[in-house]
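Swiss-Prot annotations:
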type	residues	note
TRANSMEM	20-40	transmembrane segment
BINDING	GLU43, ALA46, GLY48	Ca(2+) binding site
TRANSMEM	59-79	transmembrane segment
BINDING	HIS64, HIS381	Fe(II)-heme a binding site
TRANSMEM	105-125	transmembrane segment
TRANSMEM	148-168	transmembrane segment
TRANSMEM	186-206	transmembrane segment
TRANSMEM	237-257	transmembrane segment
BINDING	HIS243, HIS293, HIS294	Cu cation binding site
BINDING	TYR247	O2 binding site
TRANSMEM	270-290	transmembrane segment
TRANSMEM	313-333	transmembrane segment
TRANSMEM	341-361	transmembrane segment
BINDING	HIS371, ASP372	Mg(2+) binding site
BINDING	HIS379	heme a3 binding site
TRANSMEM	380-400	transmembrane segment
TRANSMEM	417-437	transmembrane segment
TRANSMEM	455-475	transmembrane segment
Amino acid sequence: MDNKFLTRWVFSTNHKDIGTLYLVFGIGSGMIGTALSMLIRLELSAPGTMLGDDHLYNVIVTAHAFIMIFFLVMPVMIGGFGNWLVPLYIGAPDMAFPRLNNISFWLLPPALILLLGSAFVEQGVGTGWTVYPPLSAIQAHSGGAVDMAIFSLHLAGASSILGAMNFITTIFNMRAPGMTMDRLPLFVWSILITAFLLLLSLPVLAGAITMLLTDRNFNTTFFDPAGGGDPILFQHLFWFFGHPEVYILILPGFGMVSQIIPTFSAKNQIFGYLGMVYAMLSIGILGFIVWAHHMFTVGMDVDTRAYFTAATMIIAVPTGIKVFSWLATIYGGAVRLDTPMLWAIGFVFLFTIGGLTGVILANSSLDIVLHDTYYVVAHFHYVLSMGAIFAIFAGFYFWFGKITGYCYNELYGKIHFWIMFIGVNLTFFPQHFLGLAGFPRRYSDFVDGFAGWNLVSSLGSTISIVGVIWFVFIVYDAYVREIKFIGWVENTGASWSSLEWVQPSPPMSHTYNELPFVYGSYSALRPRNS
């Protein structure tokens, strides 16, 4: 390994190279997470045990959740697309703190190794991603596995907090002259709001898991009633992080879809730009005051439950504004159904279904029945597996040419979309029926009455796996054929609505050696010299 390679990839201070590292790391982690999900669906494809005991099943479920959240969606959306695009969008030469950016990435591989390693220590972490005590306490999980998982979360959390500080500073301080906040592309807004959510929510998680660590190892009793503690306190702390976290996972997806839809509808800008910004801000703020809707079954006062029900439903309003603005952008446009647009439309449609089941679950009385059933699993997988992941694929196909300089095969991309669309819907739609029938989460075995829909669900996941393998082939194919990427903008008739298309594809290692000057409304940003 020569020195030049080390300098470029290990000691990198270039936002593009670090963004590429994040993307590659995220895709690699996603493969592991997908393999784990396939193991889950194999175990559940028929009654009876396949993998072994319940505990092993729960270890797989826990690892699947942590990997998909902390090592796929966040690194790809915020670290990958965020690093690559935010400086390009705002006309900045790089991120504000390039070396901080480097360590933000390099904290993640050790975190992943710790998480995977925890499965090989004693019996592994069979707590679910929520890590509730007393199951995660030393009595139920003796040995070092949970401690390793906690340390893994500390590293991943530190990485995200440092990255968030970097993005906030960059977006506030490094915008090109004329790039005022009301001209900021929606993707940049989404990353900014996400960064604030990370900065405010992750320290609470860090506090909670540190208290759990001391409970396990130093005889404190934060979460042990025998010593005057309360396990419900952990749930409050965890979900105060956990609920903003789900918006952290989806907001950059909103931003990406908001960049893609106007381009393929031949529109200069999104419908209702300012409304979109305020909607994202509202979602970010409301996300912090609804956390206890995850805890309707722990025995809260009826008036507390009423408040959290109402507050949760209010989030549907800004979300609805976003959905209808996307639809209004498409309406009347010369829509071109290229691959990124297919993913974006799929995102809007399926995310809306996930949102509707979310409104149902917001009712505390209904949630008491549906809590910890597969209805909840179906709900958040519609939002994540078909919201976040579809947005990631939309962004990947949209910016693939910009990042690599190569064209992927358009037909192959569309085939990928349809395989995944059929696969994920076949996987998760039947889970609504299972949940309504009372099939509980986190069980590896079940009575025969649930066998039918579980088999359908497992067939769907097999189709999704084929889609993932096909995706790897598409990337390989693009690199082998080396067809030069020209650009979407020339093809779709939209004007340059953002700065990144002014750059060549792939962009030079250092962009904006001279600061661009941005003028005109949001709808027609151009550097002065074009």
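FYI, residue positions are counted from 1 along the chain as it appears here.
In case you wondered, yes, glycine gets a Cβ from its N, Cα and C as well.
Model, not experiment: these values are computed from the prediction.
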Next on the checklist: I'd like the Cβ neighbour count for HIS293 (Cu cation binding site), meaning other Cβ atoms within 10 Å of its Cβ, all protein chains included.
Outcome noted: 22
Checklist entry - Given pairs 6 or more apart, does the transmembrane segment (341-361) have at least three Cβ pairs under 8 Å with the transmembrane segment (455-475)? => result no
Next on the checklist: Using DSSP and collapsing to three states, where does HIS64 (Fe(II)-heme a binding site) fall: helix, strand or coil?
Outcome noted: helix
Checklist outcome for this item: Listed stretches 59-79, 237-257, 455-475 vs the transmembrane segment (417-437), most Cβ pairs under 8 Å: range 455-475
Checklist entry - When you average the Cβ positions of GLU43, ALA46, GLY48 for the Ca(2+) site, which other residues in that chain have a Cβ within 8 Å of that mean position? => result LEU42, LEU44, SER45, PRO47, THR49, MET50, SER444, ASP445
Checklist entry - Do you know offhand how many angstrom separate HIS371 (Mg(2+) binding site) and HIS243 (Cu cation binding site) by C-alpha? => result 16
Next on the checklist: Same chain only, sequence gap of 6 or more: which residues have a CB within under 8 Å of the CB of ASP372 (Mg(2+) binding site)?
Outcome noted: THR297, PRO440, ARG441, ARG442
Item to check | Stretch among 59-79, 105-125, 186-206, 270-290 sharing the most Cβ pairs under 8 Å with the transmembrane segment (380-400) | outcome: 59-79
Next on the checklist: Between HIS379 (heme a3 binding site) and HIS294 (Cu cation binding site), how many Å separate their Cα atoms?
Outcome noted: 13
Item to check | Paired segments the transmembrane segment (313-333) and the transmembrane segment (455-475) in contact, 3+ CB pairs under 8 A | outcome: no
